[in-house]
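**Q** According to TrEMBL, the protein carries these features:
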REPEAT    13-47  repeat 'WD'
REPEAT    48-89  repeat 'WD'
REPEAT    90-134  repeat 'WD'
REPEAT    158-190  repeat 'WD'
């Protein structure tokens, strides 16, 4: 079904997601509205108004109770599913809110992570507008150390904190999250709050992943899609058994990052005992986007055709359901697929324009 509105003008739909049951589709648009649609009938059930800017991202809580929307008005709003009633308004960011994600951790269904152009991440209680969030800020350059990558990465100096955080993503069990920034670094953070932490003190990253040469535009832990897939499959084993297998799986700690530099990187833990230590992740494979195929050349004697290079930056990258592959959307309209176990290119798919 086409999901359309009875407007006299057309605006881009910038975000869309299913709820956890697949019965509803939630969309966010440059008309500043969040809409909840019935999947079977394509009927609009709710139009959620309140944002004063374009919608940048949407996220549905793990218990399917609410959907959160972020905007370039610097504000996050939380709405009830499926009637769209407003639940809370989360204010605090001083820049565009770029990405939001609910925690998959059991018992933390309303814990909401956000990243922003203001250079910070925050974890909110999505139920309460007045409760202060936990703030995450990169370490100053004079104390940042232990960057991951090859042997030469230890000589890289972290730039001053004047960059944007472009993306964020939890791991499969919600204990840590990873962010990508405009300073070419990805960072890994602990999602837990220590007992000794002062509430008004910012939290710093536990690891810095150095290897890209341009904005880190998308990040994802492996196992996140599998976590949702397992939770709905009870034909052979119980949900508890599947979740235990997932938490103990070595593959749920791998990270993939991509950049406008035309590459993606798969990061793996250095060892099973290095959890929580600086330098925990190391670069396993640096995946380079291959050049596109040459255009057909004219017949001999025909006009000469110049080769115009197209940008090969990577817009988005995700793990396959079984974590065996990573799939990337390339700026030149291709889809590239790599084998995650050896870094080899499997497919370079052409068709989009």
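Note that Cβ sites are derived from N, Cα and C of the backbone, with glycine treated the same way.
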**Q** Cβ under 8 Å to the repeat 'WD' (158-190), counting only same-chain residues 6 or more beyond its ends: which ones?
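**A** Contacts of the repeat 'WD' (158-190) (Cβ under 8 Å, skipping residues fewer than 6 from its ends): 95, 98-101, 103-105, 108, 111, 113-121, 136-141, 144, 147, 203-210, 212-224, 226-227, 246-247, 252-253, 255, 257, 259, 261, 267, 276, 280-281.
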**Q** Based on DSSP, tally up the residues of the repeat 'WD' (158-190) by helix, strand and coil.
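**A** Output for the repeat 'WD' (158-190) reads 0 helix, 18 strand, 15 coil.
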**Q** Given the model, what does the mean pLDDT over the repeat 'WD' (13-47) come out as?
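**A** Computed over the repeat 'WD' (13-47), the mean pLDDT is 95 on the 0 to 100 scale.
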